[in-house]
């Protein structure tokens, strides 16, 4: 299926957070592909931030969208979490969950899955409270800009997360390389990058609307990481075509 590049204004007008969450984060029967990718990301984030993993003071997440799953393991290892997204409606949906709004998306099955990885499925409420206790800031970002969070001032990140973001924001490889350099400027020297990317896809659906996705191979991702002067450490690719890179910034 050919899908024209999804411009920023189209995202701002047509991206529906609840549709996106129901499509990809509900652990619903009949959504085996989405469920597999979600488990893949949760398993690898647990590995990255679990015992002996990445730790620090400040975690910045670029392209958070309306989701909180990426913070469930990371909240054990960081004092401060900064969530960012371009679309106003995504930031508003995230704030609903943080404020315990009854209309917020129900993350219970996902939270229980992460708690089970950590050894106690029944600590769901404790886990959710821990995420909220990190005083999560929710900021606007634009990865196409040299200073993605300007004019907000944030501390350099001990770890930068970017999950399923750049491939949606970039039309082709040169902007993808530039965007990765832009966000890597937020990481302190010696800090870590955790990058989760979908490979070999050109679009994804939100409700009935297609949104473009930059076609990437694993070698494209690795080359961009190295060009951004981030020391490539390892990647994992599952059968569905997802890649997670964990790397350390050189300087």
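Yeah, the Cβs are placed from backbone N, Cα and C, and that goes for glycine too.
Remember, it's a predicted structure, so these values are computed and weren't measured experimentally.
Features reported for this protein in TrEMBL:
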- 20, 25, 69, 85, 90, 142, 143: S-adenosyl-L-methionine binding site (BINDING)
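Around the Cβ of residue 142 (S-adenosyl-L-methionine binding site), a 10 Å sphere holds 17 further Cβ atoms from the protein chains shown.
Its Cβ taken as reference, residue 143 (S-adenosyl-L-methionine binding site) is surrounded by 23 other Cβ atoms within 10 Å in the chains shown. With the fewest other Cβ atoms inside 10 Å of its Cβ, the least crowded of the binding-site residues 20, 69 in this structure is 69. Within the set 20, 25, 69, 85, 90, 142, 143 that the record links to S-adenosyl-L-methionine, no two Cα atoms are more than 24 Å apart, and one pair reaches that distance. In this structure, 25 is the one among the binding-site residues 25, 85 with the smallest number of other Cβ atoms inside 10 Å of its Cβ. Around residue 90 (S-adenosyl-L-methionine binding site), the same-chain residues at least 6 positions away in sequence with a Cβ under 8 Å from its Cβ are 15, 17, 64, 65, 66.
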